[in-house]
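In what follows, a single structure is set out as structure tokens and then discussed.
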Amino acid sequence: MSEHPQGQKHCSFCGKTQSEVGKLIAGEDAYICNECVDVCLDLVQTSQQVEAGDWASKALPKPHEIRAALDQYVIGQDLAKKTLSVAVYNHYKRLKVGQSGHVSKDVEIAKSNILLIGPTGSGKTLLAQTLARLLDVPFAMADATTLTEAGYVGEDVENIVQKLLQKADYDVEKAQKGIIYIDEIDKITRKSENPSITRDVSGEGVQQALLKMIEGTVASIPPQGGRKHPQQEFIQIDTSNILFICGGAFAGLEKIVQQRQEKGGIGFTADVKNKDETKKLAELFRQVEPTDLVKFGLIPEFIGRLPVIATLEELDEEALMQILTEPKNALTRQYQYLFNMENVDLVFEDSALRAVAKRALERNTGARGLRSILENVLLETMYDLPSRTDVGTVFINEAVINGEAEPVYKSERQPKEAVTHESVAKADLKVIDSKSA
């Protein structure tokens, strides 16, 4: 213990005795006085302010730069990318202005959370993940179908913020600038347009619970790995500056939009439309209005918290082909990297990739289905390769994708210049035309 020769207890940091300070706090082998505690607190707070200032001084990517970064990972969806780029830029510009202290007393910029509407596998989750990675902010994802009102079996809405705090390594300041993506938001719609006497704890009840969280409130989060109980101290997280992005497929919403448009008028000025005419899904989604979402089952207050609506298109065959070959994290590139680790080249014929795209379209799973198709096709090959030393190249053609043939094995590896294809030269992928196999 820290004691003077005379036996008086003293602070291990400044050396002052117990009689010279207001309070002396005992540790296992040392003491610290109240004055040194105050100094330490000031140092910690100053350090946090410097870190916050560092973030505020970082150059914020402009909308064009955000869009360019999204283009590297997400194919198509031009309107959604543009909408997201502007919304995210304005959101973090608002945060920087707030931290710099140059806040206008006359104008208060409200938070613009985002609603993504698009079919399954169109890139909603990937867009949100890419944004978080680009901006270097914590990112957490939640499934709305697992959420229930507090007190019922299921996940509490505050668990979403806890996930974000975990991603930020329990750095509160960092977490409060993060992005939360809530998927399957269309699955928590009201079960009926009419009020019900039975409590809807996983539909409208969850929407009500999310309202304050999305708008901005102080959430009480238990410490690391803990569960809530009355005696513990909670970590306070202000959600006012957390960007919430909600996404969903909203199957059936297009019919509501079309019905509204086909009502027309009365008399000679009526807009007569052929009801058999069906518009493209993307075109209908682009014309979504808040009243359509209310009819779908979202409550007006919830829609009001998501003022920015970005719609995504269904992916066609060409888009799926591009997804297989062009992005930085293209699936073909990922599998070729895995095969290269076994000192084997993986070569896809152009017709094979088109067959993969066609099968994904038939399954109606969008880009999400591409991986499962390739995984099934390459399963036996990936099982055998680590045990073989006589394979240098594996060729995949259309017949292999369709289950009509086995992959072709060759002992020698391919010269790099022989396996590049014009359509994917920029991506540096080993994709060859079916005629040159």
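Here the Cβ of each residue, glycine as well, is placed from N, Cα and C on the backbone.
Owing to the predicted nature of the structure, the values given are computational and were not obtained by experimental measurement.
What Swiss-Prot says about this one:
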BINDING   CYS11, CYS14, CYS33, CYS36  Zn(2+) binding site
BINDING   PRO119, THR120, GLY121, SER122, GLY123, LYS124, THR125, LEU126  ATP binding site
DOMAIN    1-52  domain 'ClpX-type ZB'
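Residue environment of THR120 (ATP binding site) contains 15 other Cβ atoms, counted within 10 Å of its Cβ in all protein chains. When pLDDT values are averaged over the domain 'ClpX-type ZB' (1-52), the model yields 76. Taking the C-alpha positions, the distance from THR120 (ATP binding site) to CYS33 (Zn(2+) binding site) comes to 60 Å. In this structure, the C-alpha atom of CYS14 (Zn(2+) binding site) lies 65 angstrom from that of PRO119 (ATP binding site). Shown are the binding-site residues PRO119, GLY121, GLY123; of these, the residue with the fewest other Cβ atoms within 10 Å is PRO119. In the three-state DSSP scheme, THR125 (ATP binding site) falls into the helix class.
With CYS36 (Zn(2+) binding site) as the anchor, the candidate binding-site residues are GLY121, SER122, LEU126, and the one with the nearest CA is LEU126. Fewest other C-beta atoms within 10 Å: among the binding-site residues SER122, THR125, that description fits THR125. Shown in sequence order, TYR73, VAL74, ALA367 are the residues of the chain, 6+ apart in sequence, with a C-beta less than 8 angstroms from the C-beta of LEU126 (ATP binding site). Under a cutoff of 8 A between CB atoms, and with a sequence separation of 6+ in the same chain, the neighbours of CYS33 (Zn(2+) binding site) are CYS11, PHE13, CYS14, LYS16, VAL21, GLY22, LYS23, LEU24, ILE25.
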